[in-house]
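Notes follow once the structure below has been shown.
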Amino acid sequence: MSSTKKPLVLTILDGYGHREEQQDNAILNAKTPVMDVLWQQQPHTLIAASGLDVGLPDGQMGNSEVGHVNLGAGRIVYQDLTRLDKEIKEGDFFTNPTLTAAVDNAVKTGKAVHIMGLLSAGGVHSHEDHIMAMVELAAKRGATAIYLHAFLDGRDTPPRSAESSLKRFTAKFAELGNGRIASIIGRYYAMDRDNRWDRVQLAYDLLTQAKGEFTADNAVAGLQAAYARGENDEFVKPTVIQATGEADAAMNEGDTLIFMNFRADRARQITRTFVNADFDGFKRDKVVNFGDFIMLTEYAADIKVACAYPPASLTNTFGEWLMKHDKTQLRISETEKYAHVTFFYNGGVEEPFKGEDRILINSPKVATYDLQPEMSSAELTEKLVSAIGSGKYDVIICNYPNGDMVGHTGDYDAAVKAVETLDNCIEQVVAAVKAADGQLLITADHGNAEQMRDPATGQAHTAHTSLPVPLIYVGNKAVKAVEGGKLSDIAPTMLSLMEMEIPQEMTGKPLFIVE
């Protein structure tokens, strides 16, 4: 069959960074005969996946959203974090028309301003500096009831690191003489993205009704009580913060609610719980008719509320360019990273392009992935191998979540198991690509599993790293690797391997030169 396509496959091993030291390195210490041989024998290079190279502030660790946007765009895409930092530094944030109107509306009607978000310096889903700027904006414009609902991190930050953030905000409210921290809860509940509505319900009830399993006089006391119960930041149970004599901070009709997370994937569920009239994830005991609900950035095109910083659109991303040249493509991953190989890889476009198929494999329903480090990789690999051999696709883009999702648990032995599982999967993918006479690129979006303990604190290292990631070529062309690349060079590399023109919007450079 002359129409059988020889696919170019991009396999993204999420959280699979490159680090030379063996100590606490789940990737180097795992038994990975397949990846070892590929690294020794195939054209390969290391590429940058963090900081300025991906449009983040200098030194900022990479993350999956940012990684996939850069992978698909073929140019450095300045991230919301960098954009917001700049807005605050230059003062434009404080005159943002959407934010100022929402605060002014609450002031005029004598209603409360509620600010919620991940109170963290992690910079992945939010940044506490942005939340601080929002508190200052509200106070400057005359809001008298400012309530901060703090989601705690411990995933993109050390597992027990929230105290300094809570102290910082407590001091700020004392200085303003107005406002307070009204609730604390771990992101495990407030920021679920896998339709575990029982978790989200606990967060929703805490926020709307000031109803939680625990109560404390102040946020630090609430946190310390959670630690005493054995809960790390990420898992802090819903805690109402209310000293004797303080008004309760339940959300009421006409109040303003501003959600300060800038990353979409873990902000969508709880936002829909607040704003969707037809919401059916659970029975909401209280539905609040807000004066204003503001999302900091656009969490999804179908969430119809005001947005302070709408997305800047990207043209001629890799997926769009393939469509314009009548190429077929497949995107495939598990639930945990499905949005990354579709929405984020397509530059924030939700709808598939013409000629783009998608396969979603359900991630296992376990509390944390150290309990099942292989996740759904067997089914994912089976579907991927079948697609490679189908002759249907010019390009296949796949993400294996294991290195990242298991790396986030901080469980070293589980991370080793995850990496060994991936090696077995890669063996099958390589064989399928060779059988189809195709080409394969293996890379990662950022590091994680190569650093499982924080040498400074001795705590488990659950966050991403700023280390480079591998890029390996397997295929039917003789190629030479170029040094000094970054994630945004991958799309131009793929087009060049397919002997296609590279659009002028893509400023990245090919990293494998055909000899």
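For all residues, glycine too, the Cβ spot is worked out from N, Cα and C.
Per Swiss-Prot, substrate is bound by Arg155, Asp156, Arg187, Arg193, Arg263, Ala264, Asp265, Arg266, Lys337; the candidate from His114, His125, His127 named for the same site is His125. Record check: Swiss-Prot places Asp404, His408 at the Mn(2+) 1 site, and the matching candidate among His325, His464 is His464. When Asp14, Asp394, Asp489 are compared with the Mn(2+) 2 site residues Ser64, Asp445, His446 in Swiss-Prot, the one appearing in that site is Asp14. Between the C-alpha atoms of Asp445 (Mn(2+) 2 binding site) and Arg193 (substrate binding site), the distance comes to 19 Å. Cα proximity to His408 (Mn(2+) 1 binding site) (within 10 Å) is found for none of the binding-site residues Asp14, His125, Arg193.
For Asp404 (Mn(2+) 1 binding site), the nearest of the binding-site residues by C-alpha distance turns out to be Asp14; the candidates were Asp14, Arg193, Ala264, Arg266. Rounded to a whole value, the Cα-Cα separation of Ala264 (substrate binding site) and Ser64 (active site, phosphoserine intermediate) is 12 Å. Put simply, of the binding-site residues Asp156, Arg193, His464, the one whose Cα is nearest the Cα of Ser64 (active site, phosphoserine intermediate) is His464. When each of the binding-site residues His125, Arg266, His408, His446, His464 is scored by how many other Cβ atoms sit within 10 Å of its Cβ, Arg266 comes out lowest. Annotated pair His125 (substrate binding site) and His464 (Mn(2+) 1 binding site), C-alpha to C-alpha distance, rounded: 13 Å. Between the recorded positions Ser64, Arg193, Asp445, Asp445 has the most other Cβ atoms inside 10 Å of its own Cβ, all protein chains included.
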